[in-house]
Amino acid sequence: MSEQRSDEPEVVDAIIEDQQGAQATTDATPPVRIENSLPTELVIYPLGGRPFFPGMLTPIQVEGSPYYETIKKAMDSHGRLFGILASHAEDGQEVFDANQLFGIGTVVRILEASVNEEAKQIKLLAEGLWRFEVRDVVSVGPPIVAQVTHHNNPVSVVDTDALKPYTMAVINTLKEILKYDSLYQEQVKMFLSRHNFSEPDRLADFVASMTSSSREELQEVLETLPIMARLEKVLTLLKKELEVVKLQNKIQRQVEEGIAEHQRQFFLREQLKEIQKELGITKDDRTAEIDRFRERLEKLTLSEEAEQKIEEELDKLAILETGSSEYGVTRNYVDWLTSLPWGVHSTDKLNIARARRILDRDHDGLEDVKERILEFLAVGKLKGEIGGSIILLVGPPGVGKTSIGRSVATAVGREFYRFSVGGMRDEAEIKGHRRTYVGAMPGKFVQAIKHTKVANPLIMLDEVDKIGASYQGDPASALLEVLDPEQNSEFLDHYMDVRFDLSKVLFICTANQLDTIPRPLLDRMEVIRLSGYITSEKVRIARNHLLPKQLEKNGLDKSQLRVSNGALREIIEGYAREAGVRRLEQKIGAIARKVAVKVLEEAELPISVGQNDLDSYLGKPDFREEKPLTGVGIVTGLAWTALGGATLDIESAQTSTEGNTLLLTGQLGDVMKESARIAFSFLQSNVEKLGGKSERLKGNIHLHVPEGATPKDGPSAGITIATALLSLARTQPLPRRLAMTGEITLTGSVLAVGGVREKVIAARRVGIRELIIPEACRKDYDEVPEHIREGFTVHFVKKYAEVAKLVFG
């Protein structure tokens with residue numbers, strides 16, 4: 001309970017005396033009564049906020065039209081009377097609209113007034129007299145004038161006796177409130193100076209006006225004319241006020257106790273410092289470290305759990321021997337706890353135009369990926385935050401997954417931290433080691449938070465498709481908590497042993513393929529695919545990004561080395577035939593290093609590198625323009641690997657007419673072997689219908705996929721294998737160069753396959769312009785950018801019979 005003011009007993013005694021029937025003090029002013037006839041019309045002043053009650057004595061200041069004219073007219077009226085009505089307006093504004101005013105208000109007398117005509121300002125002291133009710137509006141004004149009925153009948157002595165239980169209940173409740181809050185005492189003193197508690201009507205109005213009740217509740221009291229009903233309503237409001245005051249008192253006491261304890265500790269520490277200073281005692285290492293930890297805490301917004309844990313550890317640190325091993329463990333633990341940016345967040349810069357400029361500056365091509373990232377940022381702008389989504393960038397090596405993550409961090413103004421989970425086999429790398437182990441440390445995510453010094457960085461997890469598992473745990477399972485927006489707000493690192501909120505962190509993961517990512521982990525991510533680049537895009541990337549980067553890296557400038565577009569195109573097609581641009585950058589770097597030697601040998605500048613000069617800089621091309629394999633039983637298929645799209649030649653031959661075996665070579669996986677057997681069975685059943693000779697598929701059949709050192713798997717070569725076998729059965733080569741992809745069933749249906757975009761890019765890279773694709777993949781093909789699809793003739797098929805007709809007629 002808060003301390004009562006020294007004059008509180010005087011007020012409480014006055015209340016008790018009134019309860020016993022004592023009259024007010026001799027200097028109390030009796031209620032005002034106007035003896036002459038009451039006016040039937042009153043000037044109305046609309047009052048915003050709380051209603052004005054009879055018995056109230058309040059200063060009012062009015063300024064400007066129409067308030068000034070209203071009060072001036074009231075000052076000129078008989079008895080200097082006017083009426084105050086509360087307003088219906090939701091914002092509590094004073095409105096000069098009769099329809100916006102309540103019907104019952106208070107007659108007010110002007111006791112004193114000070115008029116400033118130049119400023120149109122009046123300061124007056126107003127006294128509430130009695131209630132009135134509007135019968136009709138004479139003038140809508142302003143000022144508003146209304147015909148009124150006065151309610152000013154005094155309460156009889158008989159009524160006073162009947163109301164005594166109600167008045168005592170009100171007085172007792174008021175007395176309780178005074179014990180908890182002394183601010184009400186001044187209002188009670190002012191009331192006792194003019195009235196006494198033996199007037200139940202005045203008591204009810206006074207008590208209602210001093211509560212913090214709503215405008216509607218107070219207006220209801222004002223409109224209640226029977227005094228007994230009015231006292232009942234006032235008692236209800238007073239009981240509510242008592243509960244509010246008790247709660248406020250409790251909260252204030254708790255706050256004061258907390259502040260007092262904090263101040264006490266502060267003063268004791270300051271006194272200890274002064275004593276040590278006077279005695280010439282310098283701080284030991286332990287005291288200096290504890291002070292340093294406490295200085296860090298002043299800048300942080302700790303959770304209750306963290307604050308309690310840190311205080312416990314600091315108290316423990318203060319009593320441990322500095323030479324003990326436990327002291328070192330505890331010191332390191334407190335150092336980590338106080339180094340984390342509790343409650344420190346950077347401000348997101350969610351400017352879509354700026355983000356688009358940064359993405360376009362850092363990356364050529366990838367338009368669909370940029371649009372998806374901009375959509376993600378736009379949603380974050382509308383929501384006010386961009387946490388809660390986990391982005392997974394999937395694509396071949398070298399297409400710019402990591403650099404896109406950096407660009408996103410720059411675009412939104414967040415700190416960037418990257419680490420690779422490829423090959424990670426220990427769960428403790430994610431969730432930390434328990435402090436009982438020697439050399440224990442927090443996991444990667446806590447380290448990232450400490451390194452970036454903010455609680456909302458952008459963290460990139462590279463190579464999530466290559467995460468491992470061992471007897472030490474499964475890191476992929478540990479990632480489930482981190483990458484789940486519903487759980488990561490209470491992430492618990494084993495070392496920290498205190499929950500830290502990771503929900504504001506923006507996570508971006510990268511992978512080369514989805515097949516090896518655990519399904520529960522993949523379900524938490526939003527996949528954005530990055531396909532490989534076509535030659536024209538690579539030339540632009542090399543010109544705008546890779547070449548300037550390698551010039552700077554090797555100490556050159558553009559006045560010393562010039563590389564033609566023809567040379568860049570030849571590098572791409574002859575030396576760096578890949579989905580990404582990493583090997584392309586390596587080749588440009590090799591040229592730059594050789595040019596650096598020539599510059600120092602004082603060669604004539606600038607040194608120009610054309611298409612015909614590449615042999616002297618890079619040696620013979622790694623890839624030659626090979627003639628496509630042609631002949632009976634040979635078909636080109638389309639494949640999709642972790643490195644991007646690729647073309648795949650399939651060869652078939654009848655090795656003998658004896659026996660009945662299908663030999664498969666070329667390091668094929670189980671799924672591809674099954675697909676080959678299905679295609680072979682389908683052809684054996686339908687070869688005559690498709691124009692082939694069944695005897696050509698009897699005996700021993702050998703099916704080979706070249707580049708035997710490269711593992712191959714998947715069902716997408718089904719129709720390619722079937723076509724190679726049909727070519728063998730018809731003894732007819734393919735009449736033109738085309739490529740195909742699609743899974744085949746025993747009934748000859750052609751099913752959907754994945755990686756359509758990557759396969760189309762692979763076909764363009766080797767010059768194939770006619771494709772056969774499953775009808776079920778039409779939507780995937782339509783999503784391939786227009787500049788990649790340009791020049792292609794594509795056939796969509798549902799049945800293998802359509803494939804045979806397209807190929808052989």
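Every residue, even glycine, has its Cβ placed from backbone N, Cα and C.
The annotation domain 'Lon N-terminal' is assigned in Swiss-Prot to 42-242 on the grounds of sequence analysis. Residues or ranges marked as ATP binding site in Swiss-Prot: Gly395, Pro396, Pro397, Gly398, Val399, Gly400, Lys401, Thr402. Swiss-Prot lists 629-809 with the feature domain 'Lon proteolytic'. According to Swiss-Prot, the active site annotation covers Ser716, Lys759, on the basis of sequence analysis.
All features noted in Swiss-Prot, drawn onto the structure.
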residue: Gly395; record: ATP binding site; DSSP (3 states): coil
residue: Gly400; record: ATP binding site; DSSP (3 states): coil
residue: Ser716; record: active site; DSSP (3 states): coil
residue: Lys759; record: active site; DSSP (3 states): helix
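Excluding the listed site residues Gly395, Pro396, Pro397, Gly398, Val399, Gly400, Lys401, Thr402, the same chain places Leu393, Thr510, Asn512, Leu530, Ala579, Gly580, Arg582 with Cβ atoms within 8 Å of the centre of the ATP site Cβ atoms. Note on the recorded positions Thr402, Ser716: the fewest other CB atoms within 10 A surround the CB of Thr402. Annotation for Val399 (ATP binding site): spatial neighbours Leu366, Leu530, Ser531, Gly532, Tyr533, Ala579, Gly580, Val581, Gly644, criterion Cβ-Cβ under 8 Å with sequence separation of six or more. Cα separation, Gly395 (ATP binding site) to Lys759 (active site), rounded: 13 Å. The predicted model assigns the domain 'Lon N-terminal' (42-242) a mean pLDDT of 82. In this structure the C-alpha atoms belonging to Gly400 (ATP binding site) and Ser716 (active site) are separated by 27 Å. Between the CA atoms of Gly398 (ATP binding site) and Lys759 (active site) there is a gap of 17 Å. Counted within 10 Å of its Cβ, the other Cβ atoms near Pro397 (ATP binding site) come to 18, all protein chains included. Minimal Cβ crowding within 10 Å, among the binding-site residues Gly395, Pro396, Gly398, Gly400, is found at Gly398. Summarising the environment of Lys401 (ATP binding site), the number of other Cβ atoms within 10 Å of its Cβ, over all protein chains shown, is 25. Lys759 (active site): 31 other CB atoms within 10 A of its CB, across all protein chains. Closest by Cα distance to Ser716 (active site), from the recorded positions Pro396, Pro397, Lys401, Thr402, Lys759, is Lys759.
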